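Each remark here refers to the structure printed beneath this line.
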Amino acid sequence: MPTTDGTTAQPDQTGGSAGGRLPWTRAERAPRRRLLTLLAGLTGGVLVVDQLTKVWAVATLAPGERVALLGDLFGLQLVRNPGAALSIATGMTWVLTLVAVVVVVVVVRASRRIGSTGWAVALGLLLGGALGNLVDRMVREPGPARGHVIDFLAYGDLFVGNVADIAIVTAALLVVLLSARGVHLDGTRDDDPGDGSRGDARENQDVGPDRTATADDAATADDAAAARRDGGAA
């Protein structure tokens, strides 16, 4: 497409799947404001959905009663959990509250270096999930920092969780995927070439002597041919 200065605009070559990579796991340096908006939106969305579903569960489900949705595989069951997932550390609610606060602080600090869409999604889900369960621990019975988390999603006989747990697990899986692909928080990758100008200079240095030698050989051959022509003319 012609531009105002008479040149022709080149088509954008950055789109597509970038070698088949998932769009959230590609190395990129997106505008930080957009990434922070995405992170904050996911955080708020997870927090709101988590709290609304917990309010619904408390108002609708009877304690100890199980509502089967997929037979014995999945159902609804109201549980007030003083511990972590799988009822771990049930007697250390205040420790889990402190851990949740630390996670929130770490994620907020890390967001200042965000440069990847994938990491923005992961941190948004993690922050939303951590805040969802932290709210329960701060405002629910038996008291601040000791509140029991509302769980109501029963996965067979394995454990009972909530929306915040789903967000946290999804975030953890996404972090593993991003790390496996070498995508860093700032959007760079392990296989990034770095400074392109230095790479070009090294390449030119490597091929420079060969090009010089080739040019010298060609000049010598031309001189020899000219000498033969002069000798023949004499």
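Glycine is no exception: its Cβ is also placed from the backbone N, Cα and C atoms.
Checking the ranges 35-53, 206-224 against TrEMBL, the transmembrane segment annotation falls on 35-53.
With respect to their backbone Cα atoms, D165 (active site) and D151 (active site) stand 9 Å from each other.
D165 (active site) has a Cβ environment of 22 other Cβ atoms inside 10 Å.
Under a cutoff of 8 A between CB atoms, and with a sequence separation of 6+ in the same chain, the neighbours of D151 (active site) are L78, V79, R80, N81, V160, G161, N162, D165.
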